[in-house]
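K.L.:
Below is a structure I'd like to ask you about.
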Amino acid sequence: IDLGERTEITAVATQGGYGSSDWVTSYILMFSDGGRNWKQYRQEESIWAFSGNTNADSVVYYKLQHSLKARFLRFVPLDWNPNGRIGMRIEVYGCTYRSEVVGFDGKSCLIYTFNQKLMSALKDVISLKFKTMQSDGILLHREGQNGDHITLELIKGKLSLLFNLGDTKTHPSNAQINITLGSLLDDQHWHSVLIEHFNNQVNFTVDKHTHHFHAKGEFNYLDLDYELSFGGIPVPGKSGTLSHRNFHGCFENIYYNGVNIIDLARRHKSQIYFMGNMSFSCLEPQVVPVTFLSSSSYLALPGTSGQDEIFISFQFRTWNKEGLLLSSKLHQASGGFLLHLSDGKVRISLHKPGKALSDITAGAGLNNGQWHSVSFSVKRNRISVIVDNEVTSSAHASIPLQIYSGDAFYFGGCPSSGNISECNTSFGGFQGCMRLISIGNKAVDMISVQQNVFGNFSDLQIDLCGIIDRCLPNYCEHGGECSQSWNSFYCNCANTGYKGATCHFPIYEQSCEAYKHRGNTSGFYNIDSDGSGPLRPFLVYCNMTDTTWTIVQHNNTNLTRVKSANRENPHTVFFKYSASLDQLQATINHAEHCEQELAYHCKKSRLLDKPDGLPLSWWIGRTNETQTYWGGSLPAVQKCACGLEGSCIDSQHYCNCDADRDEWTNDTGFLSYKEHLPVTEIVITDTDRPNSEAAYKLGPLLCRGDRTFWNSASFNTEMSYLHFPTFHGELSADVSFFFKTTASSGVFLENLGIQDFIRIELYSPSEVIFSFDVGNGPREVTVQSLTSLNDNQWHYVKAERNIKEASLQVDQLPQRSHGAPPDGHIRLQLNSQLFVGGTASRQKGFLGCIRSLQLNGMALDLEERAKITPGVEPGCPGHCSSYGNLCHNGGKCREKYSGFSCDCTFSAYAGPFCKKEISAYFGTGTSVIYNFQEYYTLAKNSSSHASSFYADMTLNSEAITFAFRTTRTPSLLLYVNSFYKEYLSVILTRNGECSDRLSGNTNEHHSCQLIFTLIPRPESQTKHCPVVSLNGIFIFQLHQFILSSGTEFNAIKSLTLGKILENSDVDEETMKANSQGFTGCLSSVQFNHIAPLKAALHHSSSAPVIVKGRFTESNCGTLTGADSTSSETTHSFADHSGPIDEGEPLANAIRSDSAIIGGVIAVVIFILLCITAIAIRIYKKKGIYSKNESKGSENEDSAESALKSELSMQNTANENQKEYFF
């Protein structure tokens, strides 16, 4: 359709042929300015086709989402009524379009000088449209005397807006801002540009894509002349950059602050100055591009057979790395040649029957979407190819064969039928555009090809280049890198912290609590506090005690002294955290409780005492407001902790420091009002009087728990549901939650739109279905589980839908995913409420519990909504069935309202999961006696046999577990005796074997050899072997052994660790061992269900334990374990390091380097003189070892020194271990 002149078109309508069965059911719309070089109209981001008619008479009307300006329109039917033919009646709606155009020839420019008085320095608005076939050129330039300039330049088909502040000497390099927008703008179609510069806010818009930019303060002072040039830079080299090309193409409607510049130029006004030739019209170059739509497209052109010269040139553009560009048979079937893309390079393969002759390549990175030219020539036996007319990317070769041209050239692919020998099909077809094809220096007329005058083709679009940039806009989230082929785009998510087709879903957990319930121990972890939201992951320390603490450090944790600060010259300190304030805010919002210790020590330095009504010192938190309450106090009151408790040293003041005494005192405590944390700044002003001084120390931010992880609701009837506001996840949506149920089916959640919807349901006891529709018809992703999911245990579900694919994961089962159609609807548009635990129709409701429901990283508060909803209850009991296996070593799982805890009462271990070994250092002669019951109080009042009183202490078998570490033999490790003079002793004999003595009434002796696990050797194998002495230190981990004897062991009286102090009748071996007692480390002692060592260390006041001698808790036991990383110590916040991995803590135990030690030892063995040195070293180590063991108990003055001593002790102990792998 020729509309006669350029017109703005706003809508189209179609109808079938009158009174017939001819109508079109789907079509595409194209437009053009000159009847050539068509462009396809796109509705949504990726929808090309319009839905047409369903009968002959009704009118289907489309309002175009964005109007188009063109003179020619072209309707291309794609599908029509199968019982009729193509028939169309068309109406186009719009209005005439007035515009001013100016054409540049690449050697000219237009300069506009404006009146300084009319200039408003505050706001600059420039708008224009341009079209060009050149990929580079200056559109706009403005500069000042000292080198400040603004340039709008087309570089490789993209528009770049450059702000430059002066020369680099006076300004740092950051005084340059470059914003790039748009892509493929050299397509000879109109593109609009808008630049708004208001104060230091810059809005840069190209077509429909806008970049908002907030410049730093200096950009207010761009010193620019009152002169704008369009199409080039007037004086070459003035801006110091010579690589610029002038613009070759057309401008339309250039407006600067409302002034129509082309109109001024047309009327030859004095403000306008021309350089070079310009015309007030826009010439359309007569270039006819062709698009190869699919891998089966081809273009066959005739050649002149039998010539000894072949010369072919063309231009192409594509995103694909591979593809056949040109193929031809040589004269009389003597072979052929291929020109194809391989990994973005042009490769020429010449072959004759039976063998390949030559293979040469030229160019690189040719799949970047730009136009590239290829010239290919063969003359007799010399072959050459030149890419982009550059000598550097050309290739030549000589071949032992006279070449004569064949009679056909195949561009872009091969016919699927017909004579295969004419064309090589071993390469995939080319997808992209070609233009300016010439054979033998004669240009090919593509319009004649289109009219079937000569040549033939398949699946081509002639007279348009249909390339599109699928990375604009970039749908890769969180900084993922976008790359593309002709049909699709790909996201590289490396180093982003996210995964999935569009880098949407986080790799890391949202909180320390979540890591803890994966069974992880204390250490450094990356957490992503807003899930798939915009905030990046960051590193925190997770302290997994009974409650889970998240610790975030800042840059100033030392005690800092302050002198000579006053109102005029205050001491201000800023705290920078290892995470941004937004990241911290998300973490704090998730937490149940947060706190930060603020210590203020003072000597004649007041805090709040205000002679003029203003506080003397204050701190600033996240809200950027001044806070005048101090550690341990509450926000509303200007007091310190002692002021609240009424315990200040001067009762007239609300802070200890306000007493203003000439002696050190302090106001210290925890700030725990979440909204004000963390502390970002402290200001101190009262330290400038004589003898006046202050010191402050701010601890790390500590947060406990995760409210969202346990936030849950119980659905008690099928009719009940919770409703929330509409879910907005147009381009990417992820939903994750835990559920548990006994029902066989039910809908977890549903949200509807007019046609679109999203739903996740338990379809059967072993099947979860994620179904949705974004306008391309309903889709389903199903995960089948081998086990039933309705077993009343927690199961995890994660569903994600983005414009590339939809995926569903249940527990640890393999993820299922379905790809999205390449050119379909991509926006999920919902408008109803979000239903959780049911549906809008109240059918198939869910019975059971849903927990920790997250949508796009935002947690829904199920408990709050459940409180006001009938049939739904907040919270959900029964976590032990799912998490009970996290309690180790005999710990019992106990239910809590939110979560669970491990009860370690009957375990020899401690810690949140009963995995922390409890060990103690025994000095010489130390004795720990655990008394089971007083005998006489019961026996006096009874004549019956004593064992009836001690039913729980009459045992046929004893289960004993412990680990020990000592340098002494013989040693008495453990001794149990009864009221009937029976006893059991476990001793380490002189030769390092462990034996036990059991004496019953029959005086039988049972000796048994126990199994020990030696600490792993460097080759990391666990050996079961008799005790081996490692240079005098015995380190064993004793697995459980059960001793069974023919006699019952009645009425146990006491258990002794270390030396037996009471007089008792024992055998000679035990006596000998007891004379030494036990010196060294005992760890994790368990006797049946009693943990005597733990009782002595942790419950000494309440447990029936008597301790004599030097006995101190130590972490010596953790170093004997086979896997020291699994020991669960509560670390101080030390500087651990290691690789950051998604699931593992970063605190790794020090590992010995076996190879080096082996080498050293080999040398030692050969040099006999060193033996004496080693002996001395061992002797010294023993001393260090015993000193360090006892040192663990001493209370140091400060946390720092305690930490240092703990670390040095651990390292010494580790060295000890390393020392004895001889």
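Counting begins at 1 with the first residue displayed.
Glycine residues also receive a Cβ, built from the backbone N, Cα and C atoms like all the rest.
Feature list, courtesy of TrEMBL:
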- 1-95: domain 'F5/8 type C' (DOMAIN)
- 101-282: domain 'Laminin G' (DOMAIN)
- 288-465: domain 'Laminin G' (DOMAIN)
- 467-504: domain 'EGF-like' (DOMAIN)
- 503-554: domain 'Fibrinogen C-terminal' (DOMAIN)
- 711-876: domain 'Laminin G' (DOMAIN)
- Cys849-Cys876: disulfide bond (DISULFID)
- 877-915: domain 'EGF-like' (DOMAIN)
- 935-1116: domain 'Laminin G' (DOMAIN)
- 1119-1132: compositional bias 'Polar residues' (COMPBIAS)
- 1119-1140: region 'Disordered' (REGION)
- 1155-1179: transmembrane segment (TRANSMEM)
- 1187-1222: region 'Disordered' (REGION)
K.L.:
Establish whether the number of Cβ pairs under 8 Å between the domain 'Laminin G' (101-282) and the domain 'EGF-like' (467-504) reaches at least three, counting only pairs separated by 6 or more residues.
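P.N.:
Taking Cβ pairs at least 6 residues apart, the domain 'EGF-like' (467-504) and the domain 'Laminin G' (101-282) are in contact, with 3 or more under 8 Å.
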K.L.:
Taking every protein chain shown into account, which of the disulfide-bonded residues Cys849, Cys876 has the largest tally of Cβ atoms within 10 Å of its Cβ?
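P.N.:
Of Cys849, Cys876, the one with the most crowded Cβ is Cys876.
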K.L.:
So, does the domain 'Laminin G' (288-465) come close enough to the domain 'Laminin G' (711-876) to give 3+ Cβ pairs below 8 Å, pairs being at least 6 apart in sequence?
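P.N.:
Contact between the domain 'Laminin G' (711-876) and the domain 'Laminin G' (288-465): absent.
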K.L.:
Using DSSP, what's the helix, strand and coil tally for the domain 'EGF-like' (467-504)?
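P.N.:
Helix (H, G, I), strand (E, B), coil: 0 helix, 10 strand, 28 coil.
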K.L.:
For the domain 'F5/8 type C' (1-95), give the DSSP counts of helix residues, strand residues and coil residues.
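P.N.:
So the domain 'F5/8 type C' (1-95) is made up of 0 helix, 55 strand, 40 coil.
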K.L.:
If you average per-residue pLDDT over the domain 'EGF-like' (877-915), what number do you get?
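P.N.:
Summarising the domain 'EGF-like' (877-915) by its mean pLDDT gives 84.
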